[in-house]
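Residues or ranges marked as domain 'P-type ATPase N-terminal' by TrEMBL: 34-97. For 74-90, 96-115, 297-318, 345-371, 907-930, 989-1009, 1029-1046, 1058-1077, 1097-1117, the entry in TrEMBL reads transmembrane segment. If you look up TrEMBL, you'll see 875-1127 marked as domain 'P-type ATPase C-terminal'.
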Amino acid sequence: MASAMKWWKERWRGAGGGREGAGSGSNEAESRVIHCNRPDLNSSFWYASNRTSTTKYTWYSFLPMSLFEQYRRAAYWYFTAMAILSLLSFGPYSPISLWLPLLFVLALGILRDFAEDLRRSRGDKEVNSRPILVHTGGGQFEEKQWKHLRVGDIVKVTDGNYFPSDLLLLSSSTTDGVCYVETMNLDGETNLKVRQALESTWDVGGKKESVLENFEAVLEYEGPNPSLYTFVGTLRLEDGQTFPVGPSQLLLRDSSLQNTGSILGAVVYTGHDTKVMQNSLPPPSKRSRVDHTLDKIIWAMFAVLLLVSVLTAVLLAVRTKNAGTDPWYLQPTIRDSYYNPNKAAVAGIISFLNSLILYGYFIPIALYVSLEIVRVIQARFIAADIHMYDPITNKAAKVKSAGLNEELGQVDTIFSDKTGTLTCNQMDFFRVSIAGVAYGIGTTEVERAAKQLGLALGGDPSPRDPKDNLLRLSSDRKAELQGSINMMDDNNNYGPDNNPYREKGFNFYDPRLLGGNWIHEPSSQNIQFFMQILALCHTAIPDGIPEDPASMRYRAESPDEAALVVAAKQFGFYFYKRTPTMLHVRETVSPNSNPVDQVYQLLNVLEFSSARKRMSVIVRFPDGRLLLLSKGADSVMLQRVDKNKSGFVKETNKHLKDFGEVGLRTLVVAYRQLDEEEYRKWQAKYAEARATVGRERDLHIEELADEIEQGLTVVGGTGVEDKLQDGVPEAIDRFARAGIKIWVLTGDKVETAINIGYACSLLRHGMDNLLVSLEGPEAHALEERATRDNLSRDEIAEEQKAFVGRKLSEALDLVLTHHENLRESMSSAKATVGIGDLSDQIGDAADYPLRKPDQHSHAIEYALVIDGVEGAQAAMAADYAISQFRFLERLLLVHGRWCYRRISLMILYFFYKVCMLGFIAFLCNCFAFFSGNPFYNDWYASCYNTVFTALPVCVIGVLDQDVSAAEALRYPELYRSGQRGEMFNKRSIFGWLLNSLYSSAIIFFFPLAVYSGLSAIRPGGQVSSIQDYGAGMFTVLVLVPNLQLYMAVQYFTWIHHLAICASIAIWYLFIIVYGALPPLWATNAYKEFVEVLAPSASYWLLQAVVIVITLLPEYLFRSLKWALYPSDYQIVLECTKLERKQTSKQQHRV
């Protein structure tokens, strides 16, 4: 029972019933004990099954939960209450006319939820039914479905397949227990990760079936938690031996096995306990500011509705009391009459309830459904935009949060990562510094941009002209290289653009090094050693045919690392094979010599991390030397240099600074020769640290790595170029013209960041550049205090955060002191969008905080991902995803602006038409002694929003364009109207409501004058009845809002005209068909149109007169405003017309 309660507690807290709370990590501190290959012994622990579910509902919770989602909107509660009140005898409308529209709207929402959850359910079924080989005893495997796996099962996964759960790697088809794993579905990275089983379990699953049959072990490890990169446990074998296990032995669900025949693994986490499911949190609920404003309007309409209902109730109560029995037709003397003068208060209460139903059309319940439909269609149009399709990656735009479409038209600030977002994330080896000499010819994008802008980059950068290189060479070398220089001059296009050695990751050109010419350099031994370091100091995995270097590709943890290995290959040091303990390099030391295969013993790998900013390997060379080879950022590498044997620190530092100024990413390359005894002692401590079980394991390993990475000797440095994506400078320039502020996060040097900022138009002439540096006395004092007080890493991090925050605050205050308008704009900040390749560890848009709204702020934050070569997982979690940064300008300046305008116009128009119906209902009640008896058939009112006027407004919400896409991009300043909220603000809302009040008065009183007995209406000369007046008035009430769209919209297609004409035709068709029904169904509309309205000339004349009187003032107002106070888009339209006329005249003259 205790185990069952524990299991239930875990499910409730950690997995949220298998869905919503997954990933909370509530039971992270609890450890587990499982028996490998004996799942029957684990059944008592009540571990989760391997069945996963991403559905929002279950079969029994679907209907109530879906209804709960619908009724989160106050309008639904109101209409449900009104539908219930209509069941009472005094209701103004028949119950069915209120219940049917309500049920229709609810059914649409429920069907939408059902379709979405059905799609999720089918995906879950496909995943849960995937086959997997499970050991069933006797060394035999049986194929089972994923959902039937249990903790402790031994499974076999073959090459190319996904891991069905989190597994502990036991053995591999390779002899050294190594397998290669692709984690693209987890972190978006396409490079392969190396996982290696414990040596003590390598023979499990080998040729001897008895080993697997008799294998048993007890694994004690941490409980389920969402951390993808940590795992701590201890494996105890039958013979009593105990071995620590960690992330290197953990295979995560939804990652795949690559370049490995097969592996055996023990199931450790299943179902919603797996790390990927623990990270599968439901996305936060986000609503646009338009939705928030809409809520306020709805509440305001509620207030108006209550006020009018109270006013009606009071007036009826007073009139009932004062009139006594004079209104005999209301039968006030009958017992239980609602109009009994002795019960005026009761009459008032009944009138109040009656009015809530009668005026209920002030609350537009159909608006919510229309908005959802329109936003989904808008999202489809965005995804189908061919101008945002990238043929290279075969990816189009993706929309995950259609409810935020209009926010794309009001973006105020962009937070962006640089690498992979503004750049291609395709690193090319471009320049290098070896033994104090800089190599590399060519011009970077930053240099070209600086030349165009007339900027001086400073310093003495690495030589860009090969003729300059000759000045530094001996006479023999000058003669030797002159031929290749002249050849380049003949082509008049030397450098990287005409480079026969160019390949992916390598864009370097310098005749002093290429083609084996480096052997003739004075420092050839240093160059050879430098290239050996590049070929050895990495964690890349070769993928190709060893005998064909051109086919070899490297799966590295970053594109930078792959570029360095490719560079080593191009210089004659071809890394082609890797084992856990050996590195194989084919070295060519001169153009005329045969390549020699060298095998280096790999002893340790000290991996890169964002905190360390470096990586190292300890390698034993074939000649017996024991060396630590290291590469990393100069900010950390130069601190670890041996002062007595520093190497080429001064020259390398200068060259790297020059490289950084021209936009290159730089690394320092260094080494240290280790003493055998020193290494032996260090290795013992390192092995002990790796065997530690607990959270302090990583801390001990990092401390020991820092201990041995001291006393380095600098050999040189590298410069790698990450080119900007196409169209980035133009896009950023348009964003600046559109009034969008851009923040770019980068880990580059200050000089590199500034120059790249100019290259991509982020920084421009005339800007005040403010540099906030952490290298001053205050920062050094902070470091000294941390050392003196022996602060922990967390305490140091908090101190640094506080220091950075204080410096940024001081900097912003300084800027705002001189720019009051900027202070005002920041105080009224609008929407914020964070974009970036969320898979990057540095510059991760998920890690740096988007602005969080406090109680005084109404900022909207949402994530947009550049879903390029990597970032697949980030794209799944983002609100929007595009494959190139340049597509962002079309997404915001075109689609965003259109969506904001469309949604705003749609909401304003909706309130315009419903308020007309509400005001007319009030006027009708005033003329009906506040009795609550409407002048028109209740079905007219029920179908008014959902049928007679629904189609045109939806077409407007999908297709409206004030300017074309080309004009929106040509004039980015048009975007500022959305930032200022010009389309949807208090003024526009008040203007539309005022127009609604005027229109409703005209629509009510003009038909009243015509049908009030002043003239004969019926063919027999009879005057009109109340239902004649109601039908005639309602005809105009349908025509006016439909034709009103011709006043509000400038862009029309045949679809617009069809929607408007179809809506009007539907009204006439409805009144004919409905009037043809039996009198029991048609009630007072029986043959109303055929026998009364259609034969009457005044009915048709009334429509024309009322339409003109209603719409003419609006037409005149809009025309005068266009002529005297035009909006930005109106000016653009006039300019476009003028340009077309001028072009037409020129063509005519020709």
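Including glycine, each Cβ sits where the backbone N, Cα and C put it.
Note that TrEMBL annotation is computational and uncurated.
Not measured: the values here are computed from a predicted model.
Nonlocal intrachain contacts for the transmembrane segment (907-930), taken as residues 6+ away from its ends with a CB within less than 8 angstroms of a stretch CB, comprise 290, 294, 297, 301, 305, 308, 312, 315-316, 319, 327, 330, 351, 355, 358-359, 361-364, 366-367, 370-371, 936, 941, 944-945, 949, 953, 956, 984, 988-989, 992-993, 995-997, 999-1001, 1003-1004, 1008, 1033, 1037, 1040-1041, 1044-1045, 1048. Within the chain, the transmembrane segment (1058-1077) has long-range Cβ neighbours (under 8 A, six or more residues past its boundaries) at 937, 939, 943, 947-952, 954-955, 1031, 1035, 1038-1039, 1042-1043, 1045-1046, 1085-1090, 1093.
Remark: secondary structure over the domain 'P-type ATPase N-terminal' (34-97) totals 31 helix, 3 strand, 30 coil, with classes taken from DSSP. The domain 'P-type ATPase N-terminal' (34-97) scores a mean pLDDT of 79 in the predicted structure.
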